[in-house]
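First up is the structure itself, then whatever we jot down about it.
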Amino acid sequence: MGKGFFISKVVAVVCVVVAISAVATIIALSVVYAQEKSKNQETPATATTGTTAGPGTQTTTPSTPKEPWQHYRLPDSLSPISYNVTLWPRLTPNPDGLYIFSGYSTVLFTCVNETDLILIHSNKLNFTMFDGYHAQLKAVDGASAPQLKKSWLEVPTQYLVIQLSSPMQAGSTYELFTEFVGELADDLGGFYRSEYYEDGVRKILATTQMQPTDARKAFPCFDEPAMKAVFHMTLIHPHGTVALSNSMNYEPINITTPDGLNLIQTSFGPTEIMSTYLLAFVVCDFGFIQSDLGAEVLIRIWARRKAIDEGQGAYALEKTGPILSFFEKYYKIPYPLKKSDQIALPDFSAGAMENWGLITYRETALLYNPAVSSNGDKEWVATVISHELAHMWFGNLVTTRWWNDLWLNEGFATYVSYLGANYTEPDWNMSDLIVLNEIIGVMAVDALASSHPLSSKEADVMRPEDINALFDSITYSKHFIDMHQSKSFIICLQMYLEEFKYKNTVYQDLWKNLQTAVDNAGIQLPHSVEVIMNRWILQMGFPVVTIDTSTGKISQKHFLLNPDSVVDVPSEFNYEWFVPITWIKTGAAKDQYWLLTKEATNPDMTIGASEWLIANIDMKGFYRVNYDSENWDRILTKLSTQHQAIPVINRAQIIDDAFNLARAKIVSTTLALSTTRFLNAELEYMPWQTATRNLDYFVLMFDRSEVYGPMQGYINKKVTPLFKHFKDLTANWTKIPEKHTDQYNQVNALSWGCSTGVEGCKELTTAWFKEWMDNPDNNKISPNLRTTVYCSAIAEGGVVEWDFAWGMYRNATIASEAEKLLYALSCTKQPWLLNRYLEYCLVPEMIRKQDATFTINYIAGNPIGQPLAWDFIRANWDHIFNNYGGGSMSFGRLINGVTKRFSSEFEYKQLLQFKEDNINQLGSAASSLEQALERTKANMDWLALNKKLVFDWFTNEISGTV
């Protein structure tokens, strides 16, 4: 699934770049803190009549399950073969004002082990009763099936339970038929509805999001990844709409219901054998564009008709074919389907979902309009498409057995998404941007003591809320950089996919194939692949490697952002790793060195008085680096006098390592700040963006204190040359820079310039915005700069500017433009406007549910809005939790975003109180709350140590005193 920015906690992985004998890491950590909420009740008697969801039949799973239906995992007694499912979504409300769907399903399954019990997942479905039972069972091939003895809905574990009067026979095949009704709710999960307006007309569509555990909300099914089957889908829908699913459809037919409704019935060919979470179906009146007739794979881009007519799907169509072809060659396995439909949905919780043959997207992840969308929007479309297409093989064709190995699917797909995007957009240099977009950001989360090892036991990830908690930034983002450079690794991957296609795996299966590739290539590694990997996936975190260039001594220790935090998770490896160290001495590349113990000595790493040394070249390893003070001084001198002698990624790495080492009290904060002195001469995006992210922490900590003034003065001095550079490069802001990363860095120049008072910046942005206000139909602001310009102008303005932007947001027909305005509206300095904006977040007609948590976070990013947002979510948590989904993948990010400024004892106690008040309704936000508590403590300690020191340093810098 495409990373949407909805988070919680997982992660760790490792892969080997065997061509250069280096370990490549995709590391991630998995944590589950969600609390089970349920009340003990007796197992019910069987309902005997009517259509029922089981009132009076709900039971609660005890803490120590005794009965099979009290376990969250299915037994291994039954194995599905195929489903025949017919669904009829109603796109108008019934007399009770509810949107519903009805359907019936037949699942064909084999009895693997003799049993008198059928457990099949079902959630929020009302069943038609047959002679007092929820289903009908019959044997295939003329055999007789056991009689049903009892049936009920086990709500806590989401099962339809059917007890039989005698056992089914091992090796025999049976069919289970059910008929049911469900709500076509707007909860963004299972079979749900999405609403939008087109030309003033309100329209309803029905769509799906099954991953991870919501196929059971659409029809009864064996809803686990290993329970693969073939699906035969039929959809009944109104005239004027089209039905889509994973497979190509047969010719639709007209039907008339018993009550005289004229409808369309569309049936689809059988799917490939696949997991339930990959099933998808949509009923809508969208338009589409498609690939040329006769293409080997039919590619169609679906969206709102107006979006298609405006050409917003053209870029996606242009890039999908080449990316698909790239992966066919990369994996050496043809794409197994006849078509690849991609559809942009107005309401969608994730960024995208890799449903096999029918990929669903947020509009911002698929649609692109060059007149309105920025280069960042374009990059996002390319990388998300690439991510989802990567899953067609790694995840769909070969699927992990259980969700505890989610990191393997998502971490790999995130990595190769950059390969696909780089193939189709070679000028973007995506192999460098992966460091910024993925690696650097995720290291901060992995440096917390509240992390857990990646490789969770299956038994630790059982409940739906536990599974939802795995979908976080580390799952998607922790990985290494140069896997594709290893021919042996690619061969290994191809062998793995060929061996396990249409099957399920565990992560050790990949290691075995990788070991075979290593052996066949004659590559010498210090240990076996599995032994190397275990150090990274069976223990949390990563190391900081310290190199003393006066002696050549090298050491490692577990890096913790808060060194005073207690690590209460033991490790059989004592938090030591096998670390591949790449390094340069005075610009010359040296042989890779393996650090295999806590301490070692490499005489080659001693340097002379005129030399300098940098390790972890281009950040090809997942670790931080510290040096002796003399080498730090030499690095700082080189940055100040000849910064281009250091590779650009390492200039970014030096800044990021130094700031994080300072937060961990390993180096001084003044050393970290000193790594930014050279920025007045730096024009490249990566160092500036890394500095921006790290200085953002200082902004968070100090924007409410006296430190803020001198800090702003310092940044002003550094960014002014960059601002002038882009003013000249763009002919006074009238042209777009040619280089992809220059377009990004132009935004840094403008954003920092306006926020720190660079002469002429605010006047520029407010003038552009006013020109737009005077002529709303002609927005001349460059799409790349709109987010910054809108934010700056709204911050400087008042209610008139805010109301204008709100009106433009409400009328926006392009999702990426709406998203820019949604953020910019949070920039106002008027508390009453921010409070009004917060209230809008709970009105889906004002702000879509999919955007509500992000909007609250945007407001919390404003120092004036942060306390308002915190008060708001505390006062409304019940409503948010119950109406926006306790398992929503945005909840963890909501807690992180609203609390990131917390740095006082008072705020820490408020967090503890919030935890106590809501202990049973935190859902997927539980682990993020633990992170917030840990982070707040670290912030408190850091401020106590650094506030005066930082104030003095900035003051001296702007006064010219060193």
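Just so it is clear, glycine is given a Cβ too, placed from its N, Cα and C backbone atoms.
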Which of these ranges is annotated coiled coil in TrEMBL: 72-99, 240-267, 772-799, 912-939?
912-939
Among the recorded positions listed here, Glu388, Glu410, which has the most company in the form of other Cβ atoms within 10 Å of its Cβ?
Glu410
Fill in the CA-CA distance, Glu410 (Zn(2+) binding site) to Glu388 (active site, proton acceptor), as an integer in Å.
10
Applying a 10 Å Cβ distance cut-off over all chains shown, what neighbour count does His391 (Zn(2+) binding site) have?
27
